[in-house]
Amino acid sequence: MYYGFDMGGTKIELGVFDAELNKVWQKRVPTPRNNYDDLLAMLIDLVHEADAQVGVQGSVGIGVPGIQTGDEGALFTANLPATMGKPLRIDLSQRLQRDVRISNDANCFVLSEAWDAEFRSYPVVLGLILGTGLGGGLVINGRPVDGRNGIAGEFGHLRLPSDALDIIGVDIPRVKCGCGQFGCIENYISGRGFEWLYEHLYGEALPAVTIIRHYRGGEEKALEFVDRFMDLLAACLGNLLTLFDPHLLVLGGGLSNFDEIYQILPTRLPSRLLPIAKLPRIEKARHGDAGGVRGAALLHLMDN
């Protein structure tokens with residue numbers, strides 16, 4: 001059996017999967033935010049409860065909203081203060097007496113999609129989460145790419161390409177990102193960036209769902225804005241597609257539910273790519289909120 005944990009700032013979800021990726025048991029509990037020992041104890045109790053439910057000792061994979069840094073495996077994550085700087089993987093492995101694997105939750109999202117029955121034949125899968133920020137990951141031949149520092153897939157912290165300024169104006173503010181840098185693309189093309197950019201251009205703060213509703217209703221400002229936003233999205237994604245040349249691009253997060261993206265984006269991307277480049281297949285994520293636990297379980301299952 002394969003246990004996948006999705007650890008968030010408010011909840012921890014555990015999903016237990018068999019070898020065919022059928023979910024056979026699950027449980028959700030509040031996250032102990034500030035006490036590391038309490039968090040460890042809760043995770044250990046959940047693992048033992050799952051063992052009792054399925055009658056075997058399952059393997060443990062964990063997706064976290066952060067980065068596992070260095071060879072010692074310390075976590076860097078603002079959303080889980082109890083784990084900041086702690087070697088969670090090492091501590092859990094020792095206490096459970098089994099191999100525990102940890103990866104960024106965006107990597108788990110992409111891994112889950114790459115192992116979907118429909119998508120499994122694609123060698124290179126690029127995933128992007130267009131949510132509050134811009135997360136992502138890369139899976140090659142069924143395995144996630146983490147990189148030396150665990151930051152592969154932190155695409156949101158790439159800078160705006162120069163041609164983006166032709167689309168949204170050279171006077172666009174260089175927003176200071178949470179990482180401390182200026183001009184990171186997640187501040188412009190994430191779900192939050194979608195709303196911020198509309199407010200900057202039109203002086204009116206509206207939620208994304210309202211902007212999209214106005215767009216579908218033919219409202220002039222919304223039509224103009226979405227046209228510019230799609231060009232901006234294509235300019236930013238064009239760099240990623242040229243860099244990784246994926247067979248499949250999967251989109252998740254709240255903005256991925258804007259279904260017109262899947263019709264418009266393929267018409268805007270070709271001008272941002274090399275003339276010989278063929279577009280990847282572009283799809284909405286298949287597994288939604290369940291992708292985190294599924295991908296975490298796959299951190300072990302992909303070995304088989």
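Glycine residues also receive a Cβ, built from the backbone N, Cα and C atoms like all the rest.
Annotated ATP binding site per Swiss-Prot: 4-11, 133-140, in sequence order, evidence recorded as sequence analysis. Classification of V139 (ATP binding site) by DSSP places it within a strand.
Every protein chain shown contributes to the tally, and the Cβ of C184 (Zn(2+) binding site) ends up with 25 other Cβ atoms within 10 Å. Sequence annotations record features per position, and here Swiss-Prot assigns Zn(2+) binding site to H157, C177, C179, C184 based on sequence analysis.
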Greatest C-beta neighbour count within 10 angstroms, which of the binding-site residues V139, C177, C179: V139
Specify the count of other C-beta atoms within 10 Å of the C-beta of G4 (ATP binding site). 31
